[in-house]
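Asks: Have a look at this one before I ask anything.
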Amino acid sequence: MSNELLKSDVTAEALIAKAQRDGVETMWDRKAAQKTQCGFGEAGVCCRICAMGPCRVSPVPGKGAERGICGANAGTIVARNFVRMIAGGASAHSDHARDIVHAMHLASAEGPFKIRDEAKMRRIAAEWGIEAADTKETYALAHELAEMALEEFGKPFGTQRFLTRAPQQRQDIWKRERMEPRAIDQEITTIMHSTHIGCASDIDSLLNRGMRASLGDGWGGSMIGTEFSDILYGTPKACASESNLGVIDAEMVNIVLHGHDPNLAEVVVVASKNPELLELAKSLGAKGINVVGMCCTGNEVTMRHGIKIAGNFYQQELAIITGAIEAVIVDVQCIFPALPALAKKYHTHFVSTSQKAKIAGDMYIEFSESDALNCAYGIVKTAVENFANRDASKVEIPNFKEPTIAGYSVETIIDHLDKVVNSQLEDKLGTVKPLSDVIYAGVIRGAAGVVGCNNPKTEHDLGHVTVIKELIKRDVIVVVTGCAAQAAAKVGLLTLEAKELCGRGLKEVCERVNIPPVLHMGSCVDCSRILDLVSRVAVEKGVDICDLPVVGSAPEWMSEKAVSIASYVVASGINTYLGIIPQVLGSVEFTELLNEGVRANVGAVYVFEKDPLVAVEKMMVDIEEKRTALGI
Ligand code: SF4
Ligand code: FE2
């Protein structure tokens, strides 16, 4: 075993041992090869923004160079690096969303892209002020709405349309702070401009711009990604699935869908049910075609089709090491460049499909939305044919999997609440009032969104699982997305039975509403569902988001996208607890700004806490203080 951090994960243990027997490397080997990681980079004080550099300044005041050649100090360098991470993350979420909207622009009654949630489309069309939104012909409206959404990325005037979903108090804060995001692309471009050599050096101004771009992600790109995916592929409903590498089936053709974009995954799921391909699989000795998900592409198809979850970010190599994967089909984001070489050590085809994520050494089959079904058919056929090349002596699938319930969109949560209040109370149906009432009554103390990735700086999944278990024990309902959701799934937390791990109040709510205490709300872009849910509670109670006993948590984050998410969650008024410390500690001033200073601007802060147990204690103090301030 290359890393002691693996000690508690038996699934990983078995496959890491197999990796060693098979002579293949994993991320833990490469992590070990890095030895001690660069201290300047870790502190965020290395700058290579211009060719006078790279410059590195001392993370310790009074020791070594305090300024880069242009005169930038630690604060400026750290702040520029941090907000460039936001720009990277916001661009990834938003560019993904743009692809979804383009697919909707191609939608037609004949398919393959169809309008599957027409009611939602009409609701959003009305929200955005389209005339006759309730009567227009379905596809005429779809195309008009898609064009409007595409304009959100580059419109020359105005701010993001979905901002008006936030409570008025929050919108007023954004206006006061000049933080209302304009066009999504503009905010990202502005960051790249502001952080160019010789532009912004003021850390408050840099963070302000970073937060504005992150809001353009959360309330712009990500929210568009979520809502338009729902229109196109259906709004998720609670559905049963299974999770962990044990869902890989030795007797089937196994296809792993990895990445983030549902456009490709949706048609691969359709193609995998094609009778000709099923016949081909059987003719080669397989019992069928088993499509499984990984990372957020997995979450997207789990939420809508119950597709089984093979694993989260850290398991992408382990899945191939089982020796039972005919193809890993990837779209964009969070895909290790190491995968093609690893796949070649087995019989696995590593198929990349997007120009945006062309990966050296791949089998490249470009996915085109305009020829989606043919494209997916070809990719799945390649996988099926590869079954003949499987080497049975190399197959070892850990026998671990857990039942999982996913699919808790805001609409589904409201639907569950409606079923409870329907017969008894005078509560309005179709609102979050029953949820906000149980929080205000103290039956549930508060709510937490636990999101984000895995990171080999910490034991994978341990932070997610510890934070979630400790919160539900303390009567805090938890919503999850991304790899955090999959971590919870793999230990059985996304089940009705998980109520047994809850405090008395939350257990009672789970029983009455018939939900797990941990609600899988989707992929990383679906953190926008969390914003929507929290906003509805705040609006319903007439308070701002920052007044509510609600926290955000990213125990094991690693990506730029996570920095953008953390930033828009904070800018939306929710204290956000990060289990991995961002690369900012080289500037005392910027660290203080994140941890405390920004509270004066947006009413929330970034909290750094590596220890998940201590983090939960801090979250509970936070939640109880909010309750006291509300007088509840
Ligand atoms: Fe050095 Fe300034 Fe150039 Fe950064 S921008 S590399 S600190 S000279
Ligand atoms: Fe993700």
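Using the three backbone atoms N, Cα and C, a Cβ is placed for every residue, glycine included.
In case it's useful when we look at the structure, here is the feature table from TrEMBL:
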type    : residues                                       : note
BINDING : CYS38, CYS46                                   : [4Fe-4S] cluster 1 binding site
BINDING : CYS47, CYS50, CYS55, CYS70                     : [4Fe-4S] cluster 2 binding site
BINDING : HIS260, CYS296, CYS334, CYS453, CYS483, CYS524 : [Ni-4Fe-4S] cluster binding site
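Tell me about the surroundings of these features in the structure.
Replies: When Cβ atoms from all protein chains are considered, those within 10 Å of CYS46 ([4Fe-4S] cluster 1 binding site) total 22, not counting its own.
Close to CYS50 ([4Fe-4S] cluster 2 binding site) in the fold, though at least 6 residues off in sequence, lie CYS70, ILE197, each with a CB less than 8 Å from its CB.
HIS260 ([Ni-4Fe-4S] cluster binding site) falls outside any helix or strand according to DSSP and counts as coil. Spatially close to HIS260 ([Ni-4Fe-4S] cluster binding site) yet at least six residues away along the chain are ALA92, HIS96, CYS295, CYS296, THR297, GLU300, ASP331, VAL332, GLN333, CYS334, SER523, CYS524, VAL525, judged by Cβ distances under 8 angstroms.
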Asks: Find the one among the binding-site residues CYS38, CYS46, CYS483 whose C-alpha lies closest to that of CYS55 ([4Fe-4S] cluster 2 binding site).
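Replies: Of all the candidates listed, CYS46 is nearest in space.
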Asks: Using CB under 6 Å from any atom of ligand 2, narrow the binding-site residues CYS38, CYS50, CYS70, CYS296, CYS453, CYS524 to the ones that qualify.
Replies: CYS296, CYS524
Asks: I want the residues beyond HIS260, CYS296, CYS334, CYS453, CYS483, CYS524 whose C-beta is within 8 angstroms of the mean position of the [Ni-4Fe-4S] cluster site's C-beta atoms, in chain order.
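Replies: Filtered neighbour residues, in order: CYS295, ASN299, ASN312, PHE313, GLN333, GLY482, SER523, SER559, LYS561.
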Asks: For the binding-site residues CYS55, CYS334, CYS483, which residues place their CB under 6 A from an atom of ligand 1?
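Replies: What lies within reach of ligand 1, judged by Cβ under 6 Å, is CYS55.
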Asks: Sequence gap of 6 or more, C-beta under 8 Å: which same-chain residues meet both conditions with respect to CYS483 ([Ni-4Fe-4S] cluster binding site)?
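Replies: When sequence neighbours closer than 6 are ignored, CYS483 ([Ni-4Fe-4S] cluster binding site) has CYS295, ASN312, PHE313, TYR314, GLY452, CYS453, ASN454, HIS464, GLU556 within Cβ distance under 8 Å.
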Asks: Apart from CYS47, CYS50, CYS55, CYS70, which residues in this chain have a Cβ no more than 8 Å from the mean position of the Cβ atoms of those residues at the [4Fe-4S] cluster 2 site?
Replies: ARG48, ILE49, MET52, GLY53, PRO54, GLY68, ILE69, ALA72, ILE77, ILE197
Asks: Roughly how many Å separate the Cα of CYS38 ([4Fe-4S] cluster 1 binding site) from that of CYS47 ([4Fe-4S] cluster 2 binding site), to the nearest whole number?
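Replies: The separation of the Cα atoms works out to 13 Å.
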